[in-house]
Amino acid sequence: MTLPILLGWFLTLCSSHIVRSCLQCDQVIRYVHEDFLSTVKGIRVRDQIELKKIIDHAYTNYRETSKLLSGVIDPTTLYRARTEYQSEFKRHWKEDRTNSLQWDLITIVEKGKRILQKHLEIFIAEGLCPNKCGLLYQRVMNCTSCQYGLFTCLSAKPPLDCGEHHLEADEGEEVVLDCFLSWHTLVVGQTEYHYSWHPGETNVLFDGEYEELVVTKESKIVLNQLSVSEEGSYRCLLKDQKGTALSRTFFQLEVKPFPSTSPRQVVTLPSLPLGYENTPYSLQKSSFLTVLILLTVLSITGSLIIIEYLRKSLKRQEEARGRDSRTAGDIELNTE
């Protein structure tokens, strides 16, 4: 198969199969191709020029066909496609090469096209504009200019609205508010979550109706020791470093109060018989005075008895000592 026929077949193949990729924008892939051309030995200059034309035309074809889709790719997808293509390119020249250098080059370029197409189709289906709500400026590469820029992703839902959540909690408990969405990680630059509160039960769109609570880098906040006065509508806004609101989430919080304490049942006692005006546990006034007087008399009487007993005991002791003294005197006289 002559070189012109191979080249014509390659151009027809590239035109019939759309290559949805930005292969020509990856500098590493360009280096791979340049290194390949510089290491080819034993061919004529004309053949080397033809190989260079095959690669250059592939770049042109990639650029033109990428416009048929979105025309953009993100850094992660480009890295995955490049890594797989590099591996296949090296393996091809070690294991699958034939006697025709031109045919081998066409084969590996076509294989690279399928690899790149596979990765880009996944990106278009899952990675491009993943936000189902809100506003996202996604960083992607333009496959025509090979320059990075911000791709505007508008959701089909009303502007910025990203859902409403109904929460219930008992008074004194805590509740967690979290408005994080997976696509928030794709926002370029610094972001902040703005939480505010409105006491009403319905969502209010005007900023002036909301009381600012906290501005934080974290997507969630914790409300501790809830009281009934804290129920209402909570709003979470994600803002970028320019202050542009990108998503808006509402939380309707209902706080259930503590169960009311039942009043203690008062037991009504039956009426006392006639003549008893006081409670059963109190003595009548006259009886109380009588008992008090009686106790006083008994106390005084007991005290007098004790005093008299002590007085007589002391008197007997003194008389006993007197008798002992006289007896001792008589004994001394008799002795003399």
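Yeah, the Cβs are placed from backbone N, Cα and C, and that goes for glycine too.
For 1-16, the entry in Swiss-Prot reads signal peptide, with the evidence type sequence analysis.
Residue counts for the domain 'Ig-like C2-type' (158-247) under DSSP, split into helix (H, G, I), strand (E, B) and coil, are 11 helix, 42 strand, 37 coil. As annotated by Swiss-Prot, domain 'Ig-like C2-type' applies to 158-247, with the evidence given as sequence analysis.
Within 10 Å of the Cβ of CYS179 (disulfide bond) there are 24 other Cβ atoms, across all protein chains. Annotation comment: Swiss-Prot describes CYS179-CYS236 as disulfide bond, evidence class sequence analysis.
The transmembrane segment annotation in Swiss-Prot covers 287-307 and is backed by sequence analysis.
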